[in-house]
Protein chains: 6
Amino acid sequence: MFSHNQRLQYSVHVHEPNPALANLMLEQFGGPQGELAAAMRYFTQALAEDDPGRRDMLFDIATEELSHLEVIGTMVAMLNKGAKGELAEAVDSEAEMFRKLQGAGNSSHVTQVLYGGGPALINSGGQLWTGGYIDSIGEPTADLRSNIAAEARAKIVYERLINVTDDVGVKDALRFLMTREIAHQQSFEKALYSIDSNFPPGKLAGMPEFADAYVNTSQGEADMRGPWNNDEDFRYVSSREEHLAMDGGDGLGSVKLKSEQKKAVEQMATRLKSNRDVNPVTGAMLGRGENLQPRH
Amino acid sequence: MFSHNQRLQYSVHVHEPNPALANLMLEQFGGPQGELAAAMRYFTQALAEDDPGRRDMLFDIATEELSHLEVIGTMVAMLNKGAKGELAEAVDSEAEMFRKLQGAGNSSHVTQVLYGGGPALINSGGQLWTGGYIDSIGEPTADLRSNIAAEARAKIVYERLINVTDDVGVKDALRFLMTREIAHQQSFEKALYSIDSNFPPGKLAGMPEFADAYVNTSQGEADMRGPWNNDEDFRYVSSREEHLAMDGGDGLGSVKLKSEQKKAVEQMATRLKSNRDVNPVTGAMLGRGENLQPRH
Amino acid sequence: MFSHNQRLQYSVHVHEPNPALANLMLEQFGGPQGELAAAMRYFTQALAEDDPGRRDMLFDIATEELSHLEVIGTMVAMLNKGAKGELAEAVDSEAEMFRKLQGAGNSSHVTQVLYGGGPALINSGGQLWTGGYIDSIGEPTADLRSNIAAEARAKIVYERLINVTDDVGVKDALRFLMTREIAHQQSFEKALYSIDSNFPPGKLAGMPEFADAYVNTSQGEADMRGPWNNDEDFRYVSSREEHLAMDGGDGLGSVKLKSEQKKAVEQMATRLKSNRDVNPVTGAMLGRGENLQPRH
Amino acid sequence: MFSHNQRLQYSVHVHEPNPALANLMLEQFGGPQGELAAAMRYFTQALAEDDPGRRDMLFDIATEELSHLEVIGTMVAMLNKGAKGELAEAVDSEAEMFRKLQGAGNSSHVTQVLYGGGPALINSGGQLWTGGYIDSIGEPTADLRSNIAAEARAKIVYERLINVTDDVGVKDALRFLMTREIAHQQSFEKALYSIDSNFPPGKLAGMPEFADAYVNTSQGEADMRGPWNNDEDFRYVSSREEHLAMDGGDGLGSVKLKSEQKKAVEQMATRLKSNRDVNPVTGAMLGRGENLQPRH
Amino acid sequence: MFSHNQRLQYSVHVHEPNPALANLMLEQFGGPQGELAAAMRYFTQALAEDDPGRRDMLFDIATEELSHLEVIGTMVAMLNKGAKGELAEAVDSEAEMFRKLQGAGNSSHVTQVLYGGGPALINSGGQLWTGGYIDSIGEPTADLRSNIAAEARAKIVYERLINVTDDVGVKDALRFLMTREIAHQQSFEKALYSIDSNFPPGKLAGMPEFADAYVNTSQGEADMRGPWNNDEDFRYVSSREEHLAMDGGDGLGSVKLKSEQKKAVEQMATRLKSNRDVNPVTGAMLGRGENLQPRH
Amino acid sequence: MFSHNQRLQYSVHVHEPNPALANLMLEQFGGPQGELAAAMRYFTQALAEDDPGRRDMLFDIATEELSHLEVIGTMVAMLNKGAKGELAEAVDSEAEMFRKLQGAGNSSHVTQVLYGGGPALINSGGQLWTGGYIDSIGEPTADLRSNIAAEARAKIVYERLINVTDDVGVKDALRFLMTREIAHQQSFEKALYSIDSNFPPGKLAGMPEFADAYVNTSQGEADMRGPWNNDEDFRYVSSREEHLAMDGGDGLGSVKLKSEQKKAVEQMATRLKSNRDVNPVTGAMLGRGENLQPRH
């Protein structure tokens with residue numbers, strides 16, 4: 001059960017309205033690396049987690065991410081507050097309003113016209129938030145790795161936003177939010193490595209002959225060796241011929257059809273046969289105005 | 001520049017047609033943890049990567065994932081081959097065809113009716129593949145962590161598919177594909193830790209007072225301590241009051257408006273004021289057939 | 001700032017595992033009328049709302065909807081718990097696991113294979129949750145109407161789920177959730193009608209000559225009159241001729257181009273002119289094997 | 001059966017080309033509150049509606065909304081006509097064309113480059129139209145409320161567009177379209193209240209003990225009372241303790257597993273147990289270059 | 001301006017309710033090859049088309065496709081009518097309702113529970129309709145080809161549906177709809193070839209040295225020659241070496257940076273350098289429980 | 001099995017960084033007419049194609065399109081390289097960085113902030129790539145037509161990009177890519193017309209009485225005749241009455257319900273009956289502050 005206090009986790013004192021900056025902030029509100037994605041990622045994992053410690057941690061961090069969503073959403077609302085009032089009350093002439101809307105820049109017109117200046121579940125380019133951003137699969141050694149990566153990505157996007165913001169109040173709150181991603185990443189790291197034997201993830205072992213092969217599929221002068229394909233840990237497979245049919249088979253696909261199915265498939269093949277011995281007149285030739293030839 | 005050989009990386013000899021099994025396989029063809037997502041994840045990273053070693057590795061693995069996409073797509077095609085021919089040639093009565101389509105089960109009807117039995121960029125539930133599955137952000141210490149997590153997830157989904165497949169040929173190829181995810185994860189791990197100082201990701205440091213705080217937002221009898229919030233590494237903040245306005249401020253949002261903007265905002269507020277002192281007649285009351293009272 | 005208690009708002013004691021029922025429940029977890037959509041709808045409105053009463057109400061209800069999301073997600077987790085363990089541990093033969101997965105029915109295979117039995121942000125058909133479900137536009141007389149409608153829809157979907165559920169524990173919790181939608185609808189109704197002069201929404205008045213017209217565009221024997229087009233409140237416009245160019249103009253679209261633009265447009269028109277006086281040979285004719293005629 | 005007349009419902013005489021204004025207009029062509037969404041909302045309801053009066057009304061209004069889609073699409077085409085010709089015929093140098101495209105502003109480059117200046121099923125930010133915008137659920141007391149809300153939203157978005165448009169011809173047509181939303185809202189209101197006993201929607205009654213409770217989940221100094229939570233109509237539940245397990249139970253989730261399932265679940269729990277007594281070395285520690293400690 | 005008659009373009013007399021068949025029909029209602037996609041494809045083209053003949057044709061066919069949408073939607077409504085009434089009125093026990101819902105099969109549960117049996121803008125797998133299905137780009141020689149292809153695809157999907165339908169009334173209407181796609185394809189073919197010089201599409205000519213090359217990128221024993229790569233029309237380029245850098249250059253990507261940019265890029269490269277000479281300890285090694293080695 | 005060479009199919013030497021131009025290029029990377037869509041279109045068709053010639057051709061062209069994706073992605077990376085370094089290293093003040101980001105124009109801010117300057121699977125407006133762009137249906141006479149149309153569209157989008165690009169290196173590579181679309185279209189044309197009897201597509205014939213009808217649904221002064229509806233090839237049906245119920249029936253939808261179903265449907269109809277004889281008080285009247293009248 002959630003409860004809410006009307007004070008924010010971090011105060012947001014914005015220096016002045018700035019719809020274009022507001023729009024950039026949407027990246028962490030309704031964007032793929034934003035706070036709703038974070039909150040839902042951990043919350044859905046928590047619900048299905050049976051281990052009591054991880055479950056509690058996931059609820060703790062999910063709840064904090066919801067509180068971050070509130071902080072970033074408050075920024076958006078504050079940065080848009082002036083423009084919102086002007087548009088709703090139509091205080092200027094239409095020409096002046098159009099000029100202001102255009103002048104604000106980037107994709108902030110969407111937020112003004114469609115969402116009335118409120119924070120919306122879109123990113124800074126207007127892309128609607130999608131459940132496809134959440135990659136939880138219900139297996140903790142995989143999900144914790146996903147969480148670690150998600151925190152790392154969110155940290156970077158905050159860093160970029162900080163680098164393009166000169167409103168002191170906004171920047172201060174962004175630094176708080178960025179810092180919390182660092183803290184969360186550390187908790188998820190601890191949780192992952194508290195599971196004995198977390199690699200390879202899952203229960204099934206791999207096939208030994210392929211688990212340490214490095215298949216050098218991209219070749220040329222830029223071919224490089226490094227820790228990720230060294231001879232100590234990997235079998236480096238460079239021969240193009242060895243890449244094919246690594247099982248030693250024919251490298252083909254096949255299926256055993258029942259006789260009626262086989263007949264149907266052959267009938268379809270005959271009907272749709274590509275006649276390789278003709279050189280047919282085509283629509284492109286018609287389109288180019290070529291001299292028509294009778295078909296063979 | 002890519003090239004292609006008509007032999008597969010691993011042979012696929014399917015025992016017998018099975019449209020429902022084909023449909024499950026789509027999870028790793030056009031699903032979020034599938035091979036197209038993997039290939040595109042590494043390929044887009046490779047294009048923007050300046051470090052020569054990582055760039056080569058990303059192209060190597062992206063190219064192999066495309067080859068895996070081909071293996072899994074071949075399975076789907078083989079498992080559907082019989083049903084495809086029967087539907088195209090209408091070999092049975094319509095009632096019989098309907099019965100077969102329904103009998104195959106799960107969401108395989110979509111693959112038959114819409115895609116004609118071919119592998120499509122959907123998952124096993126018919127959800128179209130979306131670019132939202134790709135979480136590359138162009139920063140290697142974040143992206144490599146994303147790749148590690150993605151390989152872990154893909155390994156698990158393959159494990160689940162193996163657990164529900166009894167076609168020997170399909171299972172064999174699935175085991176190969178699962179194993180390669182283990183190998184790839186190891187390469188990405190090596191690549192991440194070859195970057196000196198990869199934590200915290202990015203260039204900006206966090207705010208020290210918040211970087212090690214663990215905010216215990218979820219409380220109750222199930223509260224747990226563990227490595228992820230131990231006193232050695234974390235400052236455990238449990239008091240509800242301390243969660244609010246961690247900056248020590250008022251926990252509010254505010255913005256300085258210009259006087260004309262302020263006027264517009266106030267005008268809007270007045271126009272849309274919620275009159276808290278009335279108990280108005282509402283649509284719900286009308287809908288319930290309540291005795292109408294004059295307003296105010 | 002949100003906080004969380006590990007007890008649910010309503011206890012969920014499920015009688016027995018049932019993955020197909022779990023899948024139906026996803027409709028109210030990650031579906032368009034589900035609890036995440038409700039929570040996000042009110043939460044995003046609250047952030048941009050300046051009226052203190054409505055703002056508080058929106059936070060109250062948003063927070064409760066998050067708690068409902070937790071209740072419904074817990075149902076999903078409980079109903080899937082058995083199948084999840086069996087799949088992860090591979091306790092049966094693959095053939096038996098396939099049979100079980102298929103036998104569960106509807107789209108529950110997605111939840112098992114892709115999400116490992118956990119609640120996911122999809123609906124019962126596997127469609128990913130999208131921000132397009134949220135229709136908040138930042139104007140309270142419109143948004144409150146949207147909220148009233150959303151509560152009505154959610155009530156109905158719960159009613160349908162109750163009608164197809166015979167697990168006593170699940171049904172009991174569903175009835176609670178359905179009832180809360182009724183309560184919320186009443187609050188939103190009160191809030192709407194506490195705004196003086198909430199119709200028409202917004203500030204601009206309509207054009208009087210069109211604000212009460214009913215345009216009878218669909219005609220035939222089934223034409224009906226009723227309160228929605230009565231002569232007391234509406235001007236009933238039935239003549240087809242009157243439907244066209246209701247402004248009394250020519251009913252055309254036009255634009256004044258600059259002379260260079262006009263020239264470019266004419267050049268394009270000439271280049272792409274449709275020659276209406278020929279009867280050209282077409283690709284379809286080639287495809288049908290017709291005797292070819294020279295063009296023109 | 002639909003038919004079409006080549007004259008518009010309202011004439012559209014645009015003063016001069018303006019691709020940025022065209023792009024804003026897309027909000028009501030392919031946006032969530034736009035005319036396609038409106039038309040499809042009423043059309044899909046009409047098809048399944050059995051009440052003859054409502055069915056006729058839904059077809060009437062759906063057909064008119066299609067005609068509005070035509071009006072707004074004509075605006076887009078007219079506003080883009082000049083730029084379209086220039087781009088297709090390449091009348092300027094490439095540098096000049098790039099300058100013009102950039103200079104037009106907002107997201108109008110997408111319309112030019114991808115759609116060639118034609119109206120497309122996207123909103124003003126380039127987001128593709130999605131069926132998720134349609135919230136019809138096939139129950140008239142809910143659907144009519146959805147329609148009322150949709151008309152209110154569309155009215156507001158038109159009002160905002162009018163406020164930023166100074167092309168007299170465009171503004172005139174927008175005012176017509178806005179006015180028609182007011183008329184439609186009134187028809188839907190009449191239709192809703194012509195159904196006896198339309199609240200609560202559906203057939204099932206709520207649980208009396210929860211149907212009038214107002215759960216004060218968001219607390220603090222900003223707590224407010226008003227018509228939406230007054231003591232006359234609502235039971236105001238403020239105690240945090242009372243919010244938990246409102247059924248009087250334990251507030252937990254549970255399920256009765258069969259013994260084999262129980263065994264599988266326990267086996268999984270053991271395998272994935274979080275060892276809370278260690279303080280493991282983590283990837284973050286490696287990444288930070290910390291002195292390694294042997295693992296417990 | 002559209003108008004509507006309450007009679008259908010083709011009568012739909014369904015033999016008996018069948019929710020699973022209804023669900024298959026959704027493929028042509030809200031699916032990618034369905035009637036809404038067709039109608040919107042032609043309608044959006046018509047709006048921006050300046051050629052009077054093509055414009056009239058596009059409106060003619062768009063309007064007819066809307067009428068087909070009505071026919072197919074009516075089928076869905078009729079096939080679901082029984083189940084809809086039973087679910088809304090809860091005429092059976094919950095267990096019986098669950099059994100019926102499950103028993104209907106394929107993805108028909110979504111239509112029942114979420115949409116109340118009405119036709120929805122989804123395909124037969126529950127995927128929401130998306131504007132991404134429409135590929136109009138505002139150039140008639142391309143768009144007419146897209147329309148020809150779309151009609152061909154729709155014809156095939158109707159053929160498949162006919163092959164799995166044994167309800168005589170449904171099958172009859174499907175055959176009508178299928179036939180109309182054939183007629184439309186022929187009109188679009190005529191329209192395409194009425195444009196003189198419609199190949200290559202657009203205004204710019206290709207580079208002669210590459211316009212007739214066939215690049216044999218996929219090689220192996222299955223290499224084939226045919227009309228699509230014959231020596232008469234194509235230059236067959238088979239040598240792997242010739243595929244690289246076909247411009248005769250270095251086959252690399254490069255950009256001239258300003259000196260400050262160059263410095264920033266180098267600084268970033270140094271910071272994120274991959275150290276290829278170490279063999280670092282990794283998270284996977286920790287996860288596998290390997291004996292830790294000090295780094296470097 | 002794919003392999004990769006580190007040299008591009010065509011060299012990309014960009015003159016200078018230009019993030020706005022980079023953003024336009026994304027249209028052909030992650031847009032609907034872009035190279036990923038092309039590659040996936042042909043690749044998925046190849047996997048299910050049984051005809052050996054067409055299968056080889058599809059793999060050839062799919063592989064080349066992947067190589068084009070690499071070329072266009074390299075352009076994006078090069079054009080963004082300077083801005084990427086500056087943002088990552090924060091070489092300027094935040095105000096200066098904000099100014100640069102805004103100044104670049106169009107939607108390039110998304111690429112910088114979210115994707116760090118790398119090519120992403122979005123189009124130039126930030127819309128995520130979706131599997132809905134791929135229209136393969138597994139029937140070659142339809143799919144080849146789709147491929148022909150797709151090549152025509154891609155050619156046009158390249159032409160537009162060429163028209164707005166004055167960077168010589170970018171323009172040169174774009175011309176190569178555009179030319180290859182012309183070549184591919186010709187191959188697909190040859191392949192289509194090598195199939196004997198490819199029209200109508202599929203196996204089922206149409207109903208003769210409707211296969212040549214042209215239904216003149218859009219009427220008015222702009223009515224036009226042309227090759228697409230000439231009397232030689234088409235039966236031109238203009239009478240509105242003839243458009244209705246072309247089967248000669250009643251133009252209605254109907255279904256035979258079982259008696260219990262009929263009863264349920266009638267019960268629902270009664271419960272939800274629209275009372276056409278009242279003029280009810282509505283929410284809009286409340287909202288407008290009208291004098292209330294007792295109902296009925």
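Just so you know, the numbers here start at 1 and follow the chain as drawn.
Placement of Cβ uses the backbone N, Cα and C atoms for every residue, glycine included.
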Request  = Check TrEMBL: it lists C:Glu35, C:Glu65, C:His68, C:Glu151 as binding Mn(2+). Then name which of C:His4, C:His109, C:His184 it lists for that same site.
outcome  = C:His184
Request  = Among C:122-146, C:272-296, indicate the range for which TrEMBL gives the feature region 'Disordered'.
outcome  = C:272-296
Query = How big is the Cα-to-Cα gap, in Å, between C:His184 (Mn(2+) binding site) and C:Asn216 (Ca(2+) binding site)?
reply = 36
Key: C:Glu151 (Mn(2+) binding site) and C:Gly220 (Ca(2+) binding site), Cα-Cα, nearest whole angstrom   = 36
For C:His184 (Mn(2+) binding site), the number of other Cβ atoms found within 10 Å of its own Cβ = 26
Chain D neighbours, restricted to the binding-site residues C:Asp60, C:His68, C:His184, C:Asn216, C:Ser218, by C-beta under 8 angstroms = C:Asp60, C:Asn216, C:Ser218
Task = Taking the Cβ of C:Glu65 (Mn(2+) binding site) as the reference point, list residues of the same chain whose Cβ is under 8 angstroms away and which are at least six residues distant in sequence.
result = C:Glu35, C:Ala38, C:Ala39, C:Tyr42
Inter-residue Cα distance where the pair is C:Glu151 (Mn(2+) binding site) and C:Asp56 (Ca(2+) binding site), in Å = 18
Inquiry  = Run a quick check on C:Glu35, C:His184, C:Gly220: which of these binding-site residues have any Cβ-Cβ distance to chain B under 8 Å?
reply    = none
Note = Counting only residues outside C:Glu35, C:Glu65, C:His68, C:Glu151, C:His184 in the same chain, those with C-beta within 8 angstroms of the Mn(2+) site's C-beta centroid are C:Ala38, C:Ala39, C:Ile61, C:Glu64, C:Ala154, C:Leu177, C:Arg180, C:Glu181
Message = Could you check which of the binding-site residues C:Asp60, C:Asn216, C:Ser218 is the closest Cα neighbour of C:Glu151 (Mn(2+) binding site)?
response = C:Asp60
Task = Against chain A, with Cβ pairs under 8 Å, which of the binding-site residues C:Asp56, C:His184, C:Asn216 show up? Give them in sequence order, please.
result = C:Asp56
Request  = List the Cα distance (Å, whole number) between C:Asn216 (Ca(2+) binding site) and C:His68 (Mn(2+) binding site).
outcome  = 44
Note = Here the binding-site residues C:Asn216, C:Ser218, C:Gly220 meeting chain E with a Cβ under 8 Å reduce to C:Ser218, C:Gly220
Message = Tell me which of the binding-site residues C:Glu35, C:Asp56, C:Asp60, C:Glu151 sits in the most Cβ-dense spot, judged by other Cβ atoms within 10 Å.
response = C:Glu151
